[in-house]
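Taking it in order: structure first as structure tokens, then the write-up.
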């Protein structure tokens, strides 16, 4: 109970510091999430147009994903130095896998008979992609986005270790000052942010899924 | 007048056996041709060649006298209705948008599309409220009725049907066949209808083509075919 008191005291006594770190954290994560989406979704779409190049690309983003985060930041510091760019780059590398994979798989898993009907009716490639394939793949793409967003928020804590700011700062400072309550206070905020984003994206994912399946009301539907 | 003409058509899928072998077939304007044969005989390949989903390896396929290789495939497909066994309605679009999809990609205005969808819906005796519903909310038979009128949306001269009633229960199938015959009486489209059900082929077709192992074995009017079968059996 003492620890809980101390954590609460942290929030009260250093509210300015935590607020600033919290905002920095959101800024960094949001930038990374937008960047990953802008790069990852087109890669996934291109892979679905040329399925032959998909396996090597998937293996590559998978490989990037398996590099230990700390090791990667360490290497990147020597290349890009201590900068926001460095942190963004690292978050991009880790975020790519879920979004690329889900965009690709989502499009590839659209029912072949629906694609054939769309094609046979005279859709151009772009019409097929934007009117049929992407809308139907959307729930899977959002699931990947959700995965990536939560991961980015938690990884952004480690980004603070290379001096970019964010809630990782509190964790880092807590560790070096041997101040447990500060570390916990920072961690709780990151976890809360991640959970809030996860829940709201989960809600959107569900809504989109129902929409795409054409279930307007929650009532009885024919299978 | 000849609408579709297959001349010495051969189709070989890479690494597979011959799907169509030196096939010659002429389909007249306004005729209802049923194509029958065992599974894997090449009948679906034949059908998909007409809307360019499959290209011939050898030979010439003429549509309205023009070689399919010289035709803009996208424009051609918009003038050919296509109905498949899996129905393939778009689950994320309501019935109105499903029916008028071709019109939309052709750039027809919204209120004209709506009007056309209503018009078509009345052809198959479905309520106007159906327009706002989604494919999932309809029964299999209703879904395929939508599948059929969706193919009619741009008023195409040719309709291709690939075992459209194959996955539908016996009783509904009979109704759908009757409805299709009635529609055809009014619309006089050129219909190519694939089936593996001889009864269905005889009931619907003005002529029946029998395909086996990629070859056209027999083509005859339903009356002639009836006599041929009687002699054989």
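Glycine is no exception: its Cβ is also placed from the backbone N, Cα and C atoms.
Remember, TrEMBL labels are computer predictions, not curated facts.
What TrEMBL lists as domain 'ABC transmembrane type-1' is A:22-201.
Per TrEMBL, transmembrane segment is recorded for A:28-48 (among others).
Here TrEMBL flags A:60-81 (among others) as transmembrane segment.
Long-range Cβ contacts of the transmembrane segment (A:87-107) within its own chain (Cβ-Cβ under 8 Å, at least 6 residues beyond either end) map to 28-29, 31-33, 35-37, 39-41, 43-45, 47-48, 54, 57-58, 61-62, 64-65, 67, 69, 72-73, 76, 80, 133-134, 136-141, 143-145, 147-148, 151-152, 155-156, 159, 162, 164. The transmembrane segment annotation in TrEMBL covers A:87-107 (among others).
What TrEMBL lists as transmembrane segment is A:128-145 (among others).
Residues 17-18, 20-22, 24-25, 28-29, 32-33, 36, 69-70, 73, 76-77, 82-84, 86-87, 90-91, 94-95, 98, 182-183, 185-187, 189-190, 193-194, 197 of the same chain lie 6 or more positions beyond the ends of the transmembrane segment (A:151-172) yet place their CB under 8 Å from a CB of it. Annotation comment: TrEMBL describes A:151-172 (among others) as transmembrane segment.
Among the features that TrEMBL reports, transmembrane segment is placed at A:184-204 (among others).
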Discussion item. Which residues of the chain, 6 or more past the ends of the transmembrane segment (A:128-145), have a CB below 8 A from one of its CBs?
Written reply: 33, 37, 41, 44-45, 48, 98-99, 101-103, 105-107, 109-111, 114-115, 118-119, 201, 204-205, 208-209, 212
